[in-house]
Amino acid sequence: MQFSIIAISFLASLAMASPAKRGGGGGGSGSGSGSGSGSGSGGGSTTYTACSSTLYSEAQCCATDVLGVADLDCETVPETPTSASSFESICATSGRDAKCCTIPLLGQALLCQDPVGL
């Protein structure tokens, strides 16, 4: 029992220590000067990454949340979310909450957190 408490505490501290990655979109324009001129634009698109943490890397739809840490009866997200609101609505169709979890074991995602943007 003490080992599991220590293990969960250790994993939780790792999760808090890892920085969240946030994607940035590219954009810009340019013009040339001198004898010639030119223009350009960078139309980069921002890809939504719901679970950017190394530890909490699994996007899951979970039915039961225990104290905001452990989640039970989780399923893999059936489609790729394009935003935080789409992730939330995908899970809501089955009456579940959008979560980012550690690798689940037998449907029990023991450590979970809210995805980026929620």
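Note: Cβ is positioned from N, Cα and C throughout, glycine not excepted.
Predicted, not measured: the structure shown is a model, and the values here were computed from it.
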For this session: Pick out which of Cys91, Cys100, Cys101 Swiss-Prot lists as the disulfide partner of Cys51.
Result: Cys100
Exercise. Cys61 has a disulfide partner in Swiss-Prot; which of Cys74, Cys91 is it?
Worked result: Cys91
Problem set entry | According to Swiss-Prot, the disulfide-paired cysteine of Cys112 among Cys74, Cys101 | Cys101
Exercise. Once near-sequence residues are set aside, which residues in the chain of Cys62 (disulfide bond), 6 or more away, have Cβ atoms under 8 Å from its Cβ?
Worked result: Asp71, Leu72, Asp73, Cys74, Glu75, Cys91, Arg96, Asp97, Lys99, Cys101, Ala109, Cys112
Exercise. To the nearest whole angstrom, what is the C-alpha distance linking Cys51 (disulfide bond) and Cys61 (disulfide bond)?
Worked result: 12
